[in-house]
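Asks: Attaching a single structure in structure tokens format; questions to follow.
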Amino acid sequence: MLLQQNWVSPLWAWQSLGKSFLLFVFLMLQTADLEARRGHQFVWRTGHWGRCVGDCGSGGTRSRAIWCTHTEGWTSHHANCDQKEKPESHRRCFKVCDWHLELFEWEVSGWGTCVPGGEAGACVTAQHGLQRRSARCLQKLNRSTVASEICEHLAPRPPLEQACLVPCPRDCVVSDFSAWSQCGGGCARTMRHRTRTVVAPPLYGGAPCPNLTESRLCEMAACPLGEEEHIYSLKVGPWGECRLPHHDDAMAAERAVLDFGTDSGEPSMSWLEGHKAHHHAREVQVGYQSRPVRCVRSDGKNVVLSLCVQDAVPLTFKSCVIAKDCETSEWSAWSACSQTCSWGELAPGFRSRRRGVQSLAVGTGKLCPELEEREACSAGGRELLQPCPRFSWRTSEWKACQVSLLLDQQDPRHHKHAGLCGGGIQTREVYCVQITVEVEMHRLKEVSRPVDGKFCLGPAPSASQLCNLPCPSECEVSAWSVWGPCVPENCQDRQGRRGFKMRQRHVIMDPVGLSAGCPHLVESIPCEDPVCYEWIISEGICVTDHGKCGLGNRILKTVCKNKKGEEVPHRLCSEYPRPEVMACEIPCATDCVISEWSQWSPCSHSCSSKNAEGSQSRSRSILALPAEGGKACPPDRVLQEHRACNDHPCVHFYWETSPWSSCSEDSLVALNATFSWSGEATCGVGIQTRKVSCMKSSSGHVTPKRCPDSTRPETVRPCLLLCKKDCIVTPFSEWTRCPTACQPGNATAVKQSRYRIIIQDAANGGHACPDTLYEERECEDIPICPVYRWKTHRWSHCILVPDSVRQGVLGYNEACGHGLQSRAVTCLSETSESADVTECMRWAGPMPPLVQECLVPCKDDCTFTPWSKFTACSFDCESTKTRRRSLTGRSRKRDKCQNTEVYPQVETELCPCEVFTSQPHGNWSDCIIGGGKSEPQSGMRSHGDTKECGEGIRLRAIACYDKTGRLVDPSHCSSSGYIEESCTVPCPFDCKLSDWSTWTPCSSSCGTGVKVRSKWLKEKPYNGGRPCPKLDLKNQVYEAVPCYTECNQYSWVVEPWSPCKINSEQNSLHCGEGIQTRKVRCVSAAEDHRGETVPNTLCNQAEIPDEVQKCSLYCPSECAVSDWGQWSTCPQVCDPNVVQTRTRQVLRSSINTKPCPEDSQVKPCILNQNCFQYQYNLTDWSTCQLSENATCGRGVRKRLLSCVRSDGRTVSARHCQQRHLEKPAEMSSECLVGCVVDCRLSAWSAWSQCSQTCGAGGQMVRGRAVLLQAEGEGRPCPAQLAQHRSCPVKPCYSWHLGPWSPCRLQGGQCGDGLQVRNLTCVVHDASVSATAKPVENALCAELPLKETVLQLPCSVPCPGDCHLTEWSEWSSCELTCIEGRSFETTGRQARSRAFVGQSPESPESCSGQVVETRPCSGGKCYDYLWKTSLWRDNVRTVWCQRSDGINVTGGCALQTKPAEVRHCSPACRKPFSYCTQRGVCGCERGYTEIMRSNGFLDYCMKVPGLEDKKADVKTIAGKNKPVNSKMHDIFKGWSIQPFNPDGKLKMWVYGVSASGFLIIAFLIFTSFLMCKKSKQHQSTPPQQKPLTLAYDGDIDM
């Protein structure tokens, strides 16, 4: 049991373990499956990238949304997707900002070729296609490619595709064939040929050109057997390679090489090679070269040489130089870049490297290659240079405004004087600076160092402008007020009994531009018993003590007021007695009645002096006489009172101030430096001081006690410290460049300079500007040009062809003839030391020749001494120079050598002639005022020194020729190369007016008026001067301004009325009605003449007071009343319903019961009668008024104010002021008088270099710029801102290539030879019609390019050889056109060469042709049309013709080609019919055509009577064809034959005719009956179809 349990436990454990393991495996599999399923079912999805955000440049970022989605489309958690495959959500980007417009741009390539598209079909004119191009975004500075989205933000991407047209393929077009060539004479078989040329090459895939040659055999009689005619020609081959003789060649000295022909067994002589070459020890090896010579027959076979050679055998060998190529050293290292920065593709920097020459080319060896190589610094993928700085214009601050610059234009001779103001001109410096760009940060960094202005693109900023200098104006003050009361200086602290009377005035307009301020505004006079406060008394009614009349008291009302008239507390007046009552009296019924006191009269003097004191008076009058027992009237002396007035002395005192000192720092003023004053930031606050002193009006300085301290001006005030402005100058410019090329050792020292510009002048104590603005120094380390020279060694002996070669040829056994000799050439330095050959090639000019031809005379040749030197020339132009030589040795005894025509012993040449003639060339130049000499002027002159008109010169270039007509330097004919002629540029004169006259008086004595001033014409303008302003008939111009005259300038003054005068004769009581008088006079109200009597005419006559009036002296018993008081005022708005009143008081009641007169009166307020309304009246604005010292600029315009009553009358302004009417706010305003500014130009620049270095047609130009445009009526800028003149005609020297010579065979008749041309130095004037004349080669300096070929191999065909014809002429220029319009701007033209064969045996060996095309301009559009001849036997000729009349092959469309053979349609299948030339079917002779109604042939009918005899029948048959046809017999009985065989009519014809007649008669009768019955018009019966009979015979019917 235990054992069983023990066994079971492991089993159970094993089973449990197995189940767990299986479960684990199952879970792992499930997990893996889920992972796999999840990996396949969940994928990442991304949104679009957002906009780039962040800082400008490469520091931006952009983001996008990322999410995990199930394959079914729903979104899941990110954990379900594979994290390793998660896309990025952020990436760096380039943030584009608006200023990147200056840094980036699109670059587009050119459009590619047009690719046809669409369905393929027959091309009519052109096919539609598509062409593409590429675009990329570039950084402007270094032309590097950046992301396209940068440029897309700035500008849309350019289109990359566009539609295009491809013309249809055009086949090759050729001309007609030429005429056949002539056949040769004799019986030999020859060919003749004809050729044609290419008119237009094939284009756009057209068919190639056809064969240009046609050949055919000449029809000749066959030659008898064995007597064929042949032509034998000596054919020379090309020269072989130059070689040195081998040692083996010496063994073959006597060996002859035989060359047998292909068909004949005759030997032919070949050339022999030499044994040993002559070899120069140093540079040059001389060898020999040979060529084959053979005799050929016209059928191409080689034959024995003797059949061709009659005399000597042509040269088969000659000396030559062994070819040796130029050898160079290795390249040196690359030099530094020529630029330290990159300008892009427009101006790339270059670097170079060199290599030297180790050995020069000899003979026909390859010439030396280029010894210097250059490439762009950015080539080869190397690191790019930093971008170069850009350049921009900068300006200094404007200088002070100068009026004199403007006045100089109007009158250059005006006197300089101070006080000028108004419009002027101010200037500034304009210069160019460089701006660098930091590529990494994309920021602009400015360097203010000035550079040459040519670097700055675009127009420069203006260097001058109009400005305004404010005109100084003095302080304007008002009139003095009246003197005030006597007041103490300080009412709070009164000391003593001393005070001051004061009067004031105020500032109307502050001063401008003057150091002096306003005058004093307060004057004072010392006085005694000053009062600060006083009681102001207003009287009450009189209250009697007893009853209604008699003595009593008047109760007074008092108010305490200060000196300003303001009411103050009563306690301030407590020290003064306060009046409360005042005695008074009311007259009783019997008492005398006296009036109230009148007003005090004006004071007689304004001040008191020793000789005069002021006084004034007042009076009262008797109004009613007393009755008996009443109080009597006072005496006359009591009726008047007098008192002193203006008792103060005439001397007054005032405080005088000196001008304020300049603002200075003050340690006590502790204010912040940023303290704001007047709303502007300041540089601190300082103080200003001034002196104050008390002045007496008549004697000057007095003690300060005489002036009131309360009005003492301040002596210190705070002020704004003006900011210090230091002088600002630019850094010095770069030193001007020293020459980089080497200079000769004796050259003068070269200097370099630099400058700087003042941008801001010093002010307010700032650092002053430096004295040095320009510096100069000598250039250092200028390389001195090295001196090298060629040294030539002695010539070697003359080297001939080796003996072994020469002796093998018949007739050339003697060692003589032409050969070569060589020499060594070495390079020496200045110290005669050996140097590299490269140095001499660079510094010493071309290398002297190493080889030259020489001659070893043969024993039969004539020998001579060397030529002597030419004899000297005399100064005569007709003189000659000669040189001589003489015979030597045996030649002196030979007769042939004595022949001087063949062997001249004297040579004569003309001496050079120093006689020259000049000829004018080109047009006259503009009239040049100053700077007319041919030498350019350096520097710029100021505007003030520039003459614009007056006397000048004009120039005309000359061409100078020597006696032979060759152009020479113009200095031989004229020192300047010009003809000079005086000329005049008329000066403009402006309109001149006089100065302004004085102003007329104001036209109105009261209120506003007008005052006028004028100018008159002094000189009229001419020659384009400034025009005059608009003048009147008197040639005057006026200026009117409003003016104002105070209405109370003069006023009426009246004296008191006299006592009432009663006429005593009529009235014994001396009471009742009477008359009283007074004196009236006109006085001045002006300050300086106040109170003076003036004529009455100056006062307003309408307002003159009455001098006489009625009066009443009441009788004793009557009621006495006072005078009428003033009328009450009407309202401002007059209303008749409102009345005004006046009253009077009863002074004494009457004794009897008689009532007193009325005590009040009323009247309605009626407009313009007793009621008036007032308003301010404004004048128009005056013209703009300038200061006396200004001619233009800112001024002031004014308008005036007057008070006008409603009846239109101008009254004193106080009427409007009392009514507190609103005044207009602006009575004056600033205005601008436009300155008349002439166009201001810079000085003429220096004359430019000539546009051509030599020849005619060159131009020199100088220009000037507009500094200031014309303003107003100033002289406008001239249209001509540049002047031209022709350059002196200097000779042009150039190498001229002569024409190619015919092929030279050097003794042969055909074969290979040389074609040579000459290189000549010629002189000409570079014009189109110039004739070039040869001159010495030394004048042409450098030789032309190495590629210039002076000799070419050529060949002359032997009879029977194939050869190419000469080039045809270039065809006319033809454009590719679509529907008559040019498709391309350039056309094409072609030329061709055809192969011509002469041998009939192998014509196929002559094949091939050459066609050349080239672009051309000025082409035309041509049409190609088919042309046809007339038909002849249904055949015609059809050909193609171009629109210019040339017959061609090709060019016309084959689809539209007309038929050449004509066929009838439908075909002629009727019996006895055939096709005529007109293309229709006709009948044979003897038959007539029976036609259908549609015009086609129905059948052919035989003409009767033509079987046995010939009938005269007209047919349209074109041919006489035989009539024997079986078909004719078959249809013979079917035809309608009206004739019998004997020619008579058949019976049925008569029957048909009779029947037809009866039918016609019946029809006529029937028609008659119907018309008669119906009386209606019947239409004719329908037309019957006629029987078409084509018979046209002559037999009667």
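Here the Cβ of each residue, glycine as well, is placed from N, Cα and C on the backbone.
Per TrEMBL, the feature domain 'Spondin-like TSP1' maps to 172-223, 326-378, 592-650, 727-783, 991-1036, 1239-1292. According to TrEMBL, the domain 'Thrombospondin type-1' annotation covers 1466-1505. Summarising the annotation, TrEMBL assigns transmembrane segment to 1547-1571.
Help me picture these features in the structure, burial and contacts included.
Replies: Under DSSP, residues within the domain 'Spondin-like TSP1' (172-223) fall into helix, strand and coil as 0 helix, 17 strand, 35 coil.
DSSP states for the domain 'Spondin-like TSP1' (727-783), grouped as helix (H, G, I), strand (E, B) and coil, give 0 helix, 17 strand, 40 coil.
Taken as a whole, the domain 'Spondin-like TSP1' (991-1036) shows an average pLDDT of 85 in this prediction.
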Asks: Taking contact to mean 3 or more CB pairs closer than 8 A (sequence separation of 6 or more), are the domain 'Spondin-like TSP1' (991-1036) and the domain 'Spondin-like TSP1' (727-783) in contact?
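Replies: No, the domain 'Spondin-like TSP1' (991-1036) does not contact the domain 'Spondin-like TSP1' (727-783).
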Asks: With DSSP helix as H/G/I and strand as E/B, how many residues of the domain 'Spondin-like TSP1' (1239-1292) fall in helix, strand and coil?
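Replies: Computed counts for the domain 'Spondin-like TSP1' (1239-1292) are 0 helix, 20 strand, 34 coil.
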